[in-house]
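The structure appears right after this line, and notes come after that.
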Amino acid sequence: MTLAMAEQIATADNPAFVVVSDAAGRMRIQIEWVRSNPRRAVTVEEAIAKCNGVRVVHAYPRTGSVVVWYSPRCCDRQSILAAISGAAHVAAELIPTRAPHSSDIRNIEVLRMAIGAAALTLLGVRRYVFARPLLLPTTSRLVASGVTIFTGYPFLRGALRFGKTGTDALVSVATIASLILRENVVALAVLWLLNIGEYLQDLTLRRTRRAISALLSGTQDTAWIRLTDGPQAGTEIQVPIGTVQIGDEVVVHEHVAIPVDGEVIDGEAVVNQSAITGENLPVSVMAGSHVHAGSVVVRGRLMVRASAVGKHTTIGRIVTRVEEAQHDRAPIQTVGENFSRCFVPTSFVVSAITLAITKDVRRTMTVLLIACPCAVGLATPTAISAAIGNGARRGILIKGGSHLEQAGRVDAILFDKTGTLTVGRPVVTNIVAMHKDWSPEQVLAYAASSEIHSRHPLAEAVIRSTEERHISIPPHEECEVLVGLGMRTWADGRTLLLGSPSLLCAEKVKVSKTASEWVDKLRHQTETPLLFAVDGTLVGLISLRDEVRPEAAEVLTKLRASGVRRIVMLTGDHPDIAKAVATELGIDEWRAEVMPEDKLKVVRDLQNEGYVVGMVGDGVNDAPALAAADIGIAMGLAGTDVAVETADVALANDDLNRLLDVRDLGGRAVEVIRENYGMSIAVNAAGLFIGAGGALSPVLAAVLHNASSVAVVANSSRLIRYRLD
């Protein structure tokens, strides 16, 4: 299909679309059947996103417009148009339940920021390029005032709606006072910074809700169920995920997410349950085992009788917990808000008294000018912006100023084990030859040959080990997967077995006393043993372990030295493994075999005891605890989307040492903010009464007012250059 053909289609009675523009990797398409239909907008986004080379796609149901950003080198534009045609015929019940991506962008907010930036730029050019006076002429002042009112409208509306002397009233008073005294530049600068902060905070919340919604619906829009009655009993049919009911027999194929909680009634499989337990190593399940929605069948096929569906599944409860925890988070009462509650009404009273007693309008204007809390409004956002920029350069992504404040106060930290205190991917620790004709290198080489086509993490670890040792992997003729046990391979005319001790027992391979002692020893050390047999004879053993991060012990020691009183390790692993890891790291408190609800309970319990709690994790199962903690920290942007979106801080480079930097930066940011408030409040408070006494002229008041703002910005800028130890 060419662009010309697409334009011809638009003239037909079929679902129409017109390519409005297509240049420089950006295509805009007008689709009439998307207009006023958010669900169809989602369909188009889903269809186009599957095309190779497409980077971002936004569908706007208000206008019927779709904007696609793509790579001109990698993307076939005809496939985009074909995807749109196909999206027109998707059944309504198969459309994912979510909002269009364009809902993350509110044009009016972007417009306010853009107009504010443009106005500040023009005022700067006027003052410093054309050397014009500070005071604006009438026409320019009217335009600037209009821009100020437009950019400050949300705050003005909030102050009028709630009628309280909070943040909105603080900003509104500053805006009105600045307009009266012709301080348009100050008003615009403050409003522009605050608009950016409000926009980013709102955007983060919307993205979090979208990530959580995607988690609940999963990647599966449909499920296969087996009919149990009627003339078609035994037939497997595909149905929308929303129509699956409790008691249905759900068929789950390889590499597909399990859509329901339930009991396995037929089949065997290796299942990755990391979305629930947080543990990367898959487990074997068979008839009688209980499985959870969100788990993925790595290998095999299962028949599951549904016991919970939708929001009532374990993964659904995780979503609910996250949403509740986010809503329960108490708002932090900043110094600026507390100051405004007292100072703003006081300034009005003092100015009114001054006017009543002196009848001097200029003195009253001086009081309002010196009382204008613009410097107080700048105290936090400038420091936070500098600190966040400093952290970003070091791979610390902080989502808001309140989280910086909490980072410096944390005195209890919870760690998820897998992927946080440990590396999160198993490595080979021992290779033992148990036959005189076999060397450890041969054992590893042929073991890798057996695992070469497997996607199991243990298999990947064995193969990585051969690459690290530069050992060639011999070919094999045929292989067979023994679900839950291991692999059977035929190579060089011999039969190779690699797997658990249970596999060798089932195949009647004799396991020597030495090998049994090795197995017991390794399990006690939290390592996984794989036995290797050739033609019915045990010839070697390989053990694997999820290694503790090399920096973990030192980081924990430094955290204790910095004032952290409680460190607790949480894991879904067996108690023996948890105990061994905790002992190695010197952790006295740990919880094993915990579910997401249990992690959340530990957070709540510590908070009830009076601790400021930090939670460090990287998985979906950590999300409720990350949201409920006073500060949630996601380890690595490679972690799950929900963990990263829910957390208050994300560590991009996956290094535990960054935890120390978060704490250090948070403490330093709080110090700077306090200094800013001290300076600005002192100037406002002293200036209020000095101005009322007539010791200041409006010009001096304006100079003092601007000087306090400059001092606050200069003090905050020190955070940009602050060096973390």
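Positions of Cβ are set from backbone N, Cα and C atoms, glycine also.
Marked as active site, 4-aspartylphosphate intermediate by Swiss-Prot on the basis of similarity to another entry: D416.
D618 (Mg(2+) binding site) is surrounded by 28 other CB atoms, counting those within 10 A of its CB over all protein chains shown. Taken from Swiss-Prot, the feature Mg(2+) binding site covers D416, T418, D618.
The domain 'HMA' annotation in Swiss-Prot covers 25-92.
Per Swiss-Prot, transmembrane segment is recorded for 101-119 (among others).
The transmembrane segment feature in Swiss-Prot is assigned to 142-160 (among others); the stated evidence is similarity to another entry.
Per Swiss-Prot, the feature transmembrane segment maps to 165-179 (among others).
What Swiss-Prot records for 188-202 (among others) is transmembrane segment, and it gives similarity to another entry as the kind of evidence.
Per Swiss-Prot, the feature transmembrane segment maps to 335-359 (among others).
The annotation transmembrane segment is assigned in Swiss-Prot to 365-383 (among others) on the grounds of similarity to another entry.
If you look up Swiss-Prot, you'll see 669-688 (among others) marked as transmembrane segment. Long-range contacts of the transmembrane segment (669-688) within its own chain (CB-CB distance under 8 A, at least 6 residues past either end) are made by residues 335-336, 339, 343, 346-347, 350, 367, 370-371, 373, 375-376, 378-380, 382-384, 386-387, 401, 404-405, 408, 696, 701, 704-705, 707-709, 711-712, 715-716, 718-719.
The transmembrane segment annotation in Swiss-Prot covers 698-717 (among others), and the record cites similarity to another entry as its basis.
Helix, strand and coil content of the domain 'HMA' (25-92), in residues and according to DSSP, is 27 helix, 19 strand, 22 coil. Here the CA atom of D618 (Mg(2+) binding site) lies 8 Å from the CA atom of D416 (active site, 4-aspartylphosphate intermediate).
The Cβ of T418 (Mg(2+) binding site) has 26 other Cβ atoms within 10 Å, all protein chains considered. DSSP gives T418 (Mg(2+) binding site) a helix state.
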